[in-house]
Amino acid sequence: MLENVQRSWFDHYMVPCFSPAKFIPVRAKGSKVWDQEGKEYIDFAGGIAVNSLGHAHPELKDELISQIEKLWHIGNGYTNESVLKLAKKLVENTFADKAFFCNSGAEANEAALKLARKYAADKYGKNKSEIISFKDSFHGRTLFTVTVGGQPKYSQDYAPLPQEITHLPYNNLSAIREHISENTCAVIVEPIIGEGGVIPADPAFLQELRTLCDRFQALLIFDEIQTGVGRTGYLYAYQEYGVEPDILTSAKGLGGGFPIGAMLTKQHIAAVFQPGTHGTTFGGNPLAAAVADRVVSIVNQAELLTGVLQRHDYFMDKLSKLNQRYQIFSCLRGKGLLLGAELDKAWQGKAKQLTNLAAEEGLIALIAGPDVLRFAPALNIDFSDIDEGLVRLESAIMRFVS
Ligand SMILES: Cc1ncc(COP(=O)(O)O)c(C=O)c1O
C-alpha cells in the first residue's frame, strides 16, 4: 500500500536548518501552485527569484526532455554542446569574454572570490588580498561567501573565518573612499541588496566603485544572482546602471528552476584559472546548461524585458493603492520584479507573520529580513495573477491589522 507523505516527516528526518511552511506543494503551472490538499496559491516568490518563466514552462520542459534523451552527464574531462551554446550566448550578450559554470549562487561567488584573490596574488603579490563587501549583503552559505556576506548572524557560529574581509555601509561613498587601498583585491556588491532588504544601489555608488577599483587595481564583482536574467527588466542589472563589472555572478533565475550557477569575466582575468586551479564535478552539466540556454534565449527578448517593466509599474501601482488603504508599509521599492515593501514602525519584525497569513489566504510571498515583504514572481506572470495575488494579500493584511 502506498504511504501518504506527511509534512511531519520533515521534522523527523531532515536536518532542521529550514522551517518550511506547513503545507507541501505538489504541482505548479505558470504562477499557480497547488498543495497536497488541492489548495491553490498564487506564487509571488518564484522559488526565491528562481522560476523566472513560471512553473512548467512548455519550452523549458521540451528542452529538458529533449536533452534527457541525449546526454545527462559526462564530466569535465569532456565538454558538451549545451554548455558551449550557453557560454557563447552569455558572452555575446554581456561585457564578458569567458564563462565558468557551477551549480549554485554560492559556488559562483566562491569561484569569483577565489579568482580575484589569485589574480591579485599572481599579478601584484600576496599582500593584495583584502575583499571589501557591504553590510546587509548576502553572497551564499559556503564559509568564504558567508563571511564575505554582510550579515554576521550567518557567519558567527563558524569561526575561525577566512581573513582580510571588510564590511562597509552600502550606498555610502565616503566610507569606501576612505577605506579602499592598494591592498584591496576586490569589491563585491549586489546591484540591489536582495535578501538583506531589497535596497537598490544608487547609480553614483556603483559608478564610484568602478572608479575606485580602477584607481586601486581592484576587481569589481557584481553579484547578480538575484538581480540577473531579466529580473530588473534588463538581462543583467549592470546594463541599466551603465557600470561594467570585471566579474559577474549569476544563478537562481538562470536555470528557471534547474540548478545552475555561472561566473562571467574578462579574458585577462579568466586566464589565471588554468586546468587544476578550480573545478566542479557537475558544473556545466548538459541538462542544466540546455535549460539555462533556453531560459536566456526566452528572457533576452525585448518583449519579455519590456513586459517586466510593465509588470513592475502595474504591481507597484496596485500595491501603493493597497497601502493607501492600510498604511502598513513605510516604503515600497525595487526594480523590475524584485520588489520590497518595508513594514512601518508599528509592524516591524512581523514580516514573517504576514507571509504566513498570506499563505493561509492562498498567496506565496517572501520576506527580506524581519521588516520587509519581498516579491519576486515569474517575469511572465499574468496580470490577472498579479490582481488575484494582491486581493489575497489584502485579505491577509486585513487579518494582520485587526
Ligand atoms: C545575491 C545572492 N548571492 C548569492 C546567493 C546564494 O545563492 P545559492 O543559494 O544558490 O547558493 C543568493 C541567494 O539567495 C543571493 O540572493
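Sequential numbering from 1, following the chain as shown.
Yeah, the Cβs are placed from backbone N, Cα and C, and that goes for glycine too.
Per TrEMBL, the feature pyridoxal 5'-phosphate binding site maps to G105, A106, F138, D223, E224, I225, Q226, T281. Sequence-distant neighbours of I225 (pyridoxal 5'-phosphate binding site): residues of the same chain at least 6 apart with a C-beta under 8 Å from its C-beta are G105, A108, N109, G140, G194, T249, S250, A251, K252, G261.
Sequence-distant contacts of T280 (N(2)-acetyl-L-ornithine binding site), defined as residues of its own chain at least six apart whose C-beta falls under 8 angstroms from its C-beta, comprise N76, F101, C102, N103, E107. In the three-state DSSP scheme, T280 (N(2)-acetyl-L-ornithine binding site) falls into the coil class. According to TrEMBL, the N(2)-acetyl-L-ornithine binding site annotation covers R141, T280.
DSSP assigns K252 (N6-(pyridoxal phosphate)lysine) to a helix. Per TrEMBL, N6-(pyridoxal phosphate)lysine is recorded for K252.
Spacing of E224 (pyridoxal 5'-phosphate binding site) relative to R141 (N(2)-acetyl-L-ornithine binding site) is 16 Å (Cα to Cα, whole number). It is 14 Å from the Cα atom of D223 (pyridoxal 5'-phosphate binding site) to that of R141 (N(2)-acetyl-L-ornithine binding site). Comparing Q226 (pyridoxal 5'-phosphate binding site) with R141 (N(2)-acetyl-L-ornithine binding site), their Cα atoms are 15 Å apart once rounded. The separation of R141 (N(2)-acetyl-L-ornithine binding site) from T281 (pyridoxal 5'-phosphate binding site), Cα to Cα, is 19 Å. In this structure, the CA atom of R141 (N(2)-acetyl-L-ornithine binding site) is 6 Å away from the CA atom of A106 (pyridoxal 5'-phosphate binding site). Taking a Cβ distance under 6 Å to any atom of ligand 1 as the criterion, the binding-site residues F138, E224, T281 reduce to F138.
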